[in-house]
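Notes follow the structure.
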Amino acid sequence: MMEILRGSPALSAFRINKLLARFQAARLPVHNIYAEYVHFADLNAPLNDDEHAQLERLLKYGPALASHAPQGKLLLVTPRPGTISPWSSKATDIAHNCGLQQVNRLERGVAYYIEAGTLTNEQWQQVTAELHDRMMETVFFALDDAEQLFAHHQPTPVTSVDLLGQGRQALIDANLRLGLALAEDEIDYLQDAFTKLGRNPNDIELYMFAQANSEHCRHKIFNADWIIDGEQQPKSLFKMIKNTFETTPDHVLSAYKDNAAVMEGSEVGRYFADHETGRYDFHQEPAHILMKVETHNHPTAISPWPGAATGSGGEIRDEGATGRGAKPKAGLVGFSVSNLRIPGFEQPWEEDFGKPERIVTALDIMTEGPLGGAAFNNEFGRPALNGYFRTYEEKVNSHNGEELRGYHKPIMLAGGIGNIRADHVQKGEINVGAKLVVLGGPAMNIGLGGGAASSMASGQSDADLDFASVQRDNPEMERRCQEVIDRCWQLGDANPILFIHDVGAGGLSNAMPELVSDGGRGGKFELRDILSDEPGMSPLEIWCNESQERYVLAVAADQLPLFDELCKRERAPYAVIGEATEELHLSLHDRHFDNQPIDLPLDVLLGKTPKMTRDVQTLKAKGDALAREGITIADAVKRVLHLPTVAEKTFLVTIGDRSVTGMVARDQMVGPWQVPVANCAVTTASLDSYYGEAMAIGERAPVALLDFAASARLAVGEALTNIAATQIGDIKRIKLSANWMAAAGHPGEDAGLYEAVKAVGEELCPALGLTIPVGKDSMSMKTRWQEGNEEREMTSPLSLVISAFARVEDVRHTITPQLSTEDNALLLIDLGKGNNALGATALAQVYRQLGDKPADVRDVAQLKGFYDAIQALVAQRKLLAYHDRSDGGLLVTLAEMAFAGHCGIDADIATLGDDRLAALFSEELGAVIQVRAADREAVEAVLAQHGLADCVHYVGQAVSGDRFVITANGQTVFSESRTTLRVWWAETTWQMQRLRDNPECADQEHQAKSNDADPGLNVKLSFDINEDVAAPFIATGARPKVAVLREQGVNSHVEMAAAFHRAGFDAIDVHMSDLLAGRTGLEGFHVLVACGGFSYGDVLGAGEGWAKSILFNDRVRDEFATFFHRPQTLALGVCNGCQMMSNLRELIPGSELWPRFVRNTSDRFEARFSLVEVTQSPSLLLQGMVGSQMPIAVSHGEGRVEVRDAAHLAALESKGLVALRYVDNFGKVTETYPANPNGSPNGITAVTTESGRVTIMMPHPERVFRTVSNSWHPENWGEDGPWMRIFRNARKQLG
């Protein structure tokens, strides 16, 4: 039976206005829209009155709901029948954890009530198209129609393909019907294999073969033999990449054989809880570094949010599934798309060349895709610290003559670093009889054929197959699985995981054969033991679907009880679906039909399938010299600053959490004005050291339209000039990931790919001492479509993205582009040796040209000398600022440095040659460094020692004020206000934020950037930052216990425990499942802290599901009530813990006036480094800090204080219960965005009880208790930041 329950409004006023404006633009007479959430409960038994009231209360969340009788025609948008949304999975979990076992499943839709004039059927179709994503949702016209969401179907049996009867044609038909993308020789191979076996193949076997042997999984092109211009080549592409490892194996612990590569890290204190006692402590050991970079291009072109989200999720799983289990740590992301053409902000170079119907626009990708990737990282709890964004779409005269080149098939890059224990780097042995386990969520009928689909050029496969290959994301489930993996590796030698892989393309059909084969075993499996939420799925759908957030593991049979215990505690679903066999054979039994859908020797599936040979021709690039008529420097500057590749990226940065883990030493945002221009990302290796890890990206794809090899060399060079900004030491410490994107088969591209791989793998990297131990390729970067009567295709440039990773000696020695205006000198190190080529630059692009001669690595020895010289200067503390020269050239380098320093520039380019345009806009490799004027001679001497004397040019100095002036020989070349340039640079971000978020907030942020008087972040402390008020109490040796409370989806508990640990507490890991099961109580604890994250993925309101699982469970409710009423206790709730505790008002004495916390005014997750003021309040944790103003990490989507009315707000303030407020950089309490990131009235962001014993706050003090984890800080701070005082106050209070 199905119950229908109304929910809160689904759209804010500005979202409704945006929709109405879209309808008006489409000439649809829609006058009014009202939208609200509707919940559907599928029940297995009726609810009594109390249970019904409980369910209603559970589904009451979000902003307060005014009573409303909807008017107009109903359009009900729900998930597609036959799919289960992540919302449903998490909401159903909450219902069960609150004791509502009669609920089979909860699902949610949005009911749109449309008031409109007379609309034709076609116009109604336009309206429904605007309201839903056809890839993931459907539209019903009555609430009762939602019954279809819960329809159960009978299982369907396996189907066989009549090869023996119909011969080869049967395979050809199956290839088309199932979208297998099999090549002719593979069809021959299968015909031969099954004829020898004397039986017909089943559909599931063919599907499994196609996935396991797709280009996506097998990398056939990279392993192929090559004939170029009739000449046999000595090496495959992959062999040339491996050459870098053979030449420089130093510091690499694992390459080419696992889900990620591993290099040596530092010996540090890894901080985690003991399995037996739950007590957190430091464990001194090597934290080796793993690295991986993936792409998820095809799904992102079809449906950007889930495409990018599952791209990030899959890469995170690769890291976790390295060795015998590892810990993902920090992420990077990248996008290459065609021109944005932002409505009302179209740029002169952006022509509309059309696109295929089935893929979305570049604007849609950049609106939704980054949100999907960020949302996954945020909810999983991994900071996203690095990225790139390029737009390119033009008709150019390249290798194949004049043709369309651009990114209709986008690049969506997802990568990152993690840490792994030394004894877990290598996979273990799989013994015969080992249990084969799937860890993670249930099988769902989604993402079928992603491996094969992404191996085709967009436009080749059937639209329905595209539809089937889109995946869904549930990061909170992946977090639970990762917690299990963490518990396993933390056991050291007792780790129950022998072998682990993630489930990605091809689902279990790819992952399980790979697992057993890599372990030297076969496997026998039971289909019906696989967890599944959809009983009507066929064997093929159960075995081959790409449901995300799953891992496959081999666990020794005697370790299964331990593994089961860990999974139950973390609430991570798992199933034992088979066991390892001696015989190298794969069998899958189906209990329901009592048959064998799969019965194959492993070598048929993974054996010597036909090897590819590429017989290709070289084409010479045409190109045309840059036509300069009509190009003025002033016009060029504005255009280049508007090019998205160059322009400010704030709209891509602030949506992503950059402080979670408490180990982020350098995020994208630089300095007191928080400008996104960092050279590289840096994390600390642990919560107790200054060792660390760095990541940086290099990418120059348009250059490949003129010179394939130069483009690849520049990508390596740029990654190097970016990562050089931190203290690494020997260049051999740097390891690269190479991600290759190409349109294989397009004239000239294959030979170009070979040339580019050779340039990097055989020549440049070995000469520099660099290794590429990991990478990925995507070989179908082309789209085809019909535009009117014309057949069109858009081919991407050959694109190499290099991600550089390194161990860092001291994270405090990371240099940013932030300029200082004291006596200084700016030096350009020009590795282009004065060539100043303008081919394939930003300048050429904004004037719709390609040019003819591009930049290149002019001298490998000088590039190496450059890196060594910068490292020497970093170690000697001689650099005040550093920024590499890249897209936009020297002009953009200087401008970004001036933005970060909020200062003027007085530059002189007289020594850079007579061609001023080329001097300013050439993108040759190099960097601008700022040094003290007194150090200039010594610095130039270091540069000369490294062979760079002829590359160094004095180009002026940074000055206070707002003028940005470039001269040569006394003549002004360019002069403008820095503020004007800053505004131009910000306009792309502003327009994207206006489109995507609340336009009022976007306008306020843009306006703030034009305020030259803004003093930036600043600090005013009312206490001595170096005083440790807890020291006398720590000296007694007594360590009171703090319960570090987490629920499924919480992700900030480790850094919270570390902050309390430093203040003299014993921090104990307490999971809600421990309390609910009665394994742990709160009676032994002095302090309770509820941590940040996304409990239940924030469904049913942020923190509300967590709170209700306490309130609706009598024993646990009593446990909390008793704790809060005990006089000697303290409690702290941060972020998600704050939201949760604000819903426990009925249990917490003196909290009656507390507000609720709801959706931010911007309607967006906000990650900011915000200034707050400590106000006079009873809070015991903030004693002695009143009047202080200091920055703090903020990361939330629902942090806006909601009060009942003005009287409620007045009472809250008059009682003095407000503990922290947001202030602007002038120290004034503010409601203006983004200084107030959520729009809370009067800047309120923390409240306390009348006794001051319980304090809840939205910002994160635990993420910035160490100075080094602050995005910016005054130089005189020591090891501890000012927020450490909160934790020491707690220790002082307990005496």
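Using the three backbone atoms N, Cα and C, a Cβ is placed for every residue, glycine included.
The active site, nucleophile annotation in Swiss-Prot covers Cys1135. Less than 8 angstroms from the CB of Cys1135 (active site, nucleophile) sit Ser1052, Cys1091, Gly1092, Gly1093, Ser1195, His1196, Gly1199, Met1257, Met1258, Pro1259, His1260, each of them six or more residues away in the same chain. Annotation note: Cys1135 (active site, nucleophile) sits in a coil segment as assigned by DSSP.
With a 10 A radius on its CB, His1260 (active site) counts 25 other CB atoms from all the protein chains. Secondary structure from DSSP puts His1260 (active site) in a beta strand. The active site annotation in Swiss-Prot covers His1260 (among others) and rests on sequence analysis.
Feature annotation from Swiss-Prot assigns active site to Glu1262 (among others). Counting only same-chain residues six or more apart in sequence, the Cβ atoms lying under 8 angstroms from the Cβ of Glu1262 (active site) belong to Gly662, Ser1052, Glu1055, Met1056, Ala1058, Ala1059, Cys1091, Val1134, Trp1283, Phe1287.
Note: Gly307 (ATP binding site) has non-local neighbours His296, His298, Pro299, Thr300, Ala301, Gly369, Gly372, Met412, Val470, Gln471, i.e. same-chain residues 6+ apart with C-beta under 8 A of its own C-beta. Per Swiss-Prot, ATP binding site is recorded for Gly307, Ala308, Ala309, Thr310, Gly311, Ser312, Gly313, Gly314, Glu315, Ile316, Arg317, Asp318, Ala678, Ser886.
In the three-state DSSP classification, Asn722 (Mg(2+) binding site) falls within a helix. Residues or ranges marked as Mg(2+) binding site by Swiss-Prot: Glu718, Asn722, Asp884.
For the domain 'Glutamine amidotransferase type-1' (1042-1295), the predicted model reports an average pLDDT of 98. Residues or ranges marked as domain 'Glutamine amidotransferase type-1' in Swiss-Prot (evidence: sequence analysis): 1042-1295.
The annotation region 'Disordered' is assigned in Swiss-Prot to 305-327.
Glu315 (ATP binding site) sits 23 Å from Asn722 (Mg(2+) binding site), counting Cα to Cα. Here the region 'Disordered' (305-327) is broken down by DSSP into helix, strand and coil counts: 16 helix, 1 strand, 6 coil. Ala309 (ATP binding site) sits 26 Å from Asn722 (Mg(2+) binding site), counting Cα to Cα.
Between the candidate binding-site residues, Ala309, Ala678, the densest Cβ environment within 10 Å is the one around Ala309. Here Glu718 (Mg(2+) binding site) comes close to Ile697, Gly698, Glu699, Arg700, Ile802, Asp884, Ser886, Leu925: these same-chain residues lie at least six apart in sequence, with C-beta atoms under 8 angstroms from its C-beta. In sequence order, Glu294, Thr295, His296, Pro299, Thr300, Gly373, Met412, Ala414 are the residues near Gly311 (ATP binding site), counting only same-chain partners six or more apart with C-beta under 8 A. For the ATP site, whose binding residues are given in the record as Gly307, Ala308, Ala309, Thr310, Gly311, Ser312, Gly313, Gly314, Glu315, Ile316, Arg317, Asp318, Ala678, Ser886, the maximum C-alpha distance rounds to 32 Å. In this structure, the C-alpha atom of Gly313 (ATP binding site) lies 26 angstrom from that of Asn722 (Mg(2+) binding site). Annotation note: Ala678 (ATP binding site) sits in a coil segment as assigned by DSSP. Within 10 Å of the C-beta atom of Glu315 (ATP binding site) sit 31 other C-beta atoms, taking all shown protein chains into account. Compute the center of the Cβ atoms of Glu718, Asn722, Asp884, which mark the site for Mg(2+); besides them, the chain residues with Cβ within 8 Å of that center are Asn679, Ala696, Gly698, Gly717, Ala719, Leu720, Thr721, Ile723, Ala724, Ser886, Leu925, Ala927.
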